[in-house]
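Annotated features in TrEMBL:
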BINDING   P69, T70, Y71, D100, R151, R156, D180, D181, D182, H296, T297, R298  UDP-alpha-D-glucuronate binding site
BINDING   D182  Mn(2+) binding site
SITE      E213  site 'Interaction with galactose moiety of substrate glycoprotein'
ACT_SITE  E268  active site, proton donor/acceptor
SITE      Q306  site 'Interaction with galactose moiety of substrate glycoprotein'
Amino acid sequence: MRITFTHLKFVILGALFLTLVLTLFQAVCVTKSYSHRCPEKENTNISSSPSPLINLPREKLPTIYLITPTYSRAEQKAELTRLGNTLLHVESIHWILIEDSDFPSNLISNFLARFQALSKNRSNIRVTHLVKRTPIEYRTKLNDPNWLKPRGVLQRNEGLKWLRNNRNNIDSRGIVYFADDDNTYDLRLFDEMRDTKKVSCWPVGLVGGLMVERPLVNDENKVIGWNAVYKPERLYPLDMAGFAVNITLILKNPKAFFTLKVPRGFQESYLLKQLISDISELEPKSDKCTQVLVWHTRTERPNLKQEVKLKRPSNENIEV
């Protein structure tokens, strides 16, 4: 059979039409297939055994007593503002803020007044403002590295003293947590610690020269060791942000304090060995210590060298 140009043209057009139909059909099938898929959801179930207290009304939640040492520096208000904004979203807490000072500063007093005004309509939050001056021989100078001398030791002790001196007016079910003002906190951390029976623990990110420093936990949810590299000989190689204590232990051990006399990195171990006998008493949280809910962040020290060029400070009569 002789194929003419006209026949060939119809064959090509037919092939193109068939290709177009098949393409449209495949597109419709793919669209229908995707429309029946369930979108993936983030795993928000942090704990393998969620706290039974998480759904209680706030008036029935145990109080978390947050002990926060703070000291005067250019970024102090910025750090506290960030922490305060986090705490505004946490129920049933008592924030004990201790200045490294002989007397309350206007900056901190003003900050706490604003914070309390905001918290009245947002959460069940109380605040206590204390002061405790670090002796001059233990104070770092302006350009000293932050690790050179122990920081916040006497201020944390002052917070512990306040709890013991006010034992008749505090929540006997309460939890004590040492919340430094330069860390970053996931809100879920506070739910995790709220049912602490003795000492609970969890990972801390960006600390000890590691992405995460954490307890190692077995299938029975017991701490069996640590992944710490910095001074691994520590009895409890935990960061200050990595544990919470039931207030009963604090009250039953009135001589349990931090000290200026231990080497760098041993503050946590020094306190905990006064409260528990060994790691078997630790209560791992955050899904067997596999989730990071707190980070040991630190704000970079601001460069203020241009201030010397001004006749008057740029912040004259302005609170920064």
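Cβ coordinates come from backbone N, Cα and C, glycine included.
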When the recorded positions E213, E268, T297, Q306 are compared by other Cβ atoms within 10 Å, fewest goes to Q306
Nearest of the recorded positions (E213, E268, Q306) to Y71 (UDP-alpha-D-glucuronate binding site), judged by Cα-Cα distance
E268
Within a 10 Å radius around the Cβ, which one of these binding-site residues has the most neighbouring Cβ atoms: D180, D182?
D180
Neighbourhood of R151 (UDP-alpha-D-glucuronate binding site) by C-beta distance under 8 A, where only residues 6 or more apart in the same chain count:
P69, Y71, T134, T140
Inter-residue C-alpha distance, D180 (UDP-alpha-D-glucuronate binding site) and Q306 (site 'Interaction with galactose moiety of substrate glycoprotein') (nearest angstrom):
30
Among all chains shown, work out which of the binding-site residues P69, Y71 has the most CB atoms within 10 A of its CB.
P69
For R151 (UDP-alpha-D-glucuronate binding site), the three-state class that DSSP assigns
coil
Pairwise over P69, T70, Y71, D100, R151, R156, D180, D181, D182, H296, T297, R298, annotated as binding UDP-alpha-D-glucuronate, what's the top Cα to Cα distance to the nearest Å?
20
By the DSSP assignment reduced to helix, strand and coil, which category contains E213 (site 'Interaction with galactose moiety of substrate glycoprotein')?
strand
Residue pair Q306 (site 'Interaction with galactose moiety of substrate glycoprotein'), D182 (UDP-alpha-D-glucuronate binding site) - Cα distance, angstrom, rounded:
25
